[in-house]
Amino acid sequence: MTDEWLDTINWSVDGLIPVIAQDENGGKILMVAWMNRDALKRTVETGEAVYWSRSRKKLWHKGEESGHTQIVQAIHLDCDKDVLLLSVEQKGGIACHTGRQSCFFRQLKNGEWVITEPVIKDPSQIYTQ
């Protein structure tokens, strides 16, 4: 397979594209991250999600520290070709570094942000730094 398919994407001026990771079974949105060309290429090659960390300025293989990898079942490109949607099998059932299933665990209710998802596992037990 050639890399021409990467040229179809409307990359940002920084060479990035936002990526939504969605649970393949329930359809729940797990997280939003970023990819550059190399991250997307490695994701396709390995079958596991590899993102670009904007804060650390390096590739980030999801689950490299926690073991909570994302097995990619499908990759979709939106109509404007500037957002990716990954359908994933979330290993360990935890996508968020806070120990929750989803990074979207706060909901606006009556003008206040309310936590709507429990912590599945204490992050101190996940990350041993």
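Every residue, even glycine, has its Cβ placed from backbone N, Cα and C.
As written in Swiss-Prot, here are the features:
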BINDING   D78, D80, D82  Mg(2+) binding site
BINDING   C79, C96, C103  Zn(2+) binding site
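Annotated features, which come from Swiss-Prot, shown on the structure.
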| residue | record | DSSP class |
| --- | --- | --- |
| D78 | Mg(2+) binding site | coil |
| C96 | Zn(2+) binding site | coil |
| C103 | Zn(2+) binding site | coil |
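Excluding D78, D80, D82 themselves, the residues of that chain whose CB lies within 8 A of the CB mean position for the Mg(2+) site are, in sequence, N10, L77, C79, K81, V83. Cβ neighbour count for C96 (Zn(2+) binding site) (all protein chains, 10 Å cutoff from its Cβ): 18. Of all the binding-site residues given, namely C79, C103, the one with the smallest number of surrounding CB atoms inside 10 A is C79.
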